[in-house]
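> Have a look at this one before I ask anything.
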Amino acid sequence: MNLSLIGLQWGDEGKGKIIDFLSNFSNIIIRYNGGHNAGHTIYKNNKKNIIKILPSGLFKKYCLCLLSDNVFLLIENLLKEIKNFKNIFISKNIFIINLIDEFIDYLFDKIIKIGTTFSGISIINFRKVIKCCFNIRDIFKFNFIKKLKKNLFFYNIIFIFFKIKLKISIFFLLKKIKKSIFFIKKKIINNCLLINSNSKKFFESSQGVMLDFNKGTFPFVTNSNIVNKSIYIDTNFYLKNIKYIGIIKAFSTRVGNGFFNTKFKKKKTDFFSYINKEFGSNTLRLRKSGWLDINSLLEMIKINNISNLIITKMDSLIYLKYIKLLINYKINNKKMFDYQNNIFNNNYFLFNSWKNIYNNYYENEKNFHLYIRFIEKITNTPIIIISIGKNEKELIFV
Ligand code: GDP
Ligand code: MG
């Protein structure tokens, strides 16, 4: 059986920790979207590791880690992370980001105000659409310099637009790319051969599905498709014999701007986020916190054909007296199903919180069980793992 893990909220559901554990049951871990705009935290022997671009199975020596087609790669960033991991492979179809893209991302965000991570992902996507970029394969072709000139053309137009007096020479670009590609040359492979082997595969989504380019809370979204159907296009794996697992936090958080219907009031979000160390793993920005939104969760479960759920951070809720779950949105007493509407009135379900947390499921308080069982029942999706802390072993198997 192949597995796929999809974050069903706005990211930071704890995918890194769970993938690290689930990779015990797979031979290949495939990261198929995003770039170094993601940030996954994995604690190993009490040491915190933040992974931005590599698949979260990298600590398992017997597991192959593959960066698949639709990942966007800033090689400089990869080299910072790759160190001595031998089990990493990179698809030859991956498109390359330049540090200049990060700078342009920053310039655009000053105007468009999406609150991006300034990783240049939107810029490389734009360059891809207008055909002013290149992938790894191109670097080894004889007409590469011609492609590079188109990149330069793009950058120069942007610099003129922003009145920036910067001139980049084609040789500077070429030298930089040749130098960085040298370090990863041996890791480049043809994705197709590996993906269609008989090995057990694990597909790792890099962001949350509420940030999906099409299905998310547009325009405050990422530039990749996170929904599971994109696995087929992004990895060349025909979707067969695959189990889709969804991961959620026991509440909601969001970094950056955009729709967040269940957000706590300012004082509460600051308190809750500080006490639970809810800082973006990538940007270190304080995450905004709020209640779990069942209405959008139901939609994301359906869209992604999720058969089981994993819930993390049940320990974070001990700081609250009561917990609310948003059931549906209401405007003028009418139920609304679209999470992109302006919502004035919502239906919440109220729970009392719990004080302590134990690794043995049955030792936990009644309210802990009620919360878990209610989510299972209302989503009609069994919860198979409950995470109660940041460390590897703080997991409950239900
Ligand atoms: P990802 O992007 O989905 O991989 O999640 P991040 O790593 O960005 O953010 C999740 C944060 O929550 C990290 O700091 C994890 O160490 C932490 N974490 C994961 N699971 C749990 C949990 O069950 N309880 C607590 N308290 N922290 C957790
Ligand atoms: Mg994250």
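The first residue you see is number 1, and the count goes up from there.
Keep in mind that glycine also has a Cβ here, set from the backbone N, Cα and C atoms.
Pulled these features from TrEMBL for this protein:
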| type | residues | note |
| --- | --- | --- |
| ACT_SITE | D12 | active site, proton acceptor |
| ACT_SITE | H40 | active site, proton donor |
| BINDING | 11-17, 39-41, R287, 313-315, 387-389 | GTP binding site |
| BINDING | D12, E13, G14, K15, N37, A38, G39, H40, T117, K131, Q207, T222, R285 | IMP binding site |
| TRANSMEM | 152-174 | transmembrane segment |
> Between any two of D12, E13, G14, K15, N37, A38, G39, H40, T117, K131, Q207, T222, R285, the residues recorded as binding IMP, what is the biggest Cα to Cα distance in Å?
35
> Looking at the recorded positions D12, G14, K17, N37, Q207, I388, which have a C-beta within less than 6 Å of some atom in ligand 2?
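Only D12 qualify.
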> Around ligand 1, within a Cβ distance of under 6 Å, which of the recorded positions D12, N37, H40, T117, Q207, R285 show up?
D12, H40
> Do any residues of this chain, six or more beyond the ends of the transmembrane segment (152-174), have a C-beta under 8 angstroms from a C-beta of it, and if so which?
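For the transmembrane segment (152-174), the nonlocal Cβ contacts are 98, 100, 104, 107, 127, 130, 132, 145.
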> Between the Cα atoms of T117 (IMP binding site) and M314 (GTP binding site), find the distance and write it as a whole number of Å.
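Given the Cα positions, T117 (IMP binding site) is 27 Å from M314 (GTP binding site).
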> Below 8 Å Cβ to Cβ and six or more residues apart, same chain only. Which residues does that give for N37 (IMP binding site)?
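Expected: K52, T116, T117, S119, I121, Q207, T222, N282.
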> Highest CB neighbour count within 10 A among the binding-site residues T41, T117, Q207?
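The largest 10 Å Cβ neighbour count belongs to Q207.
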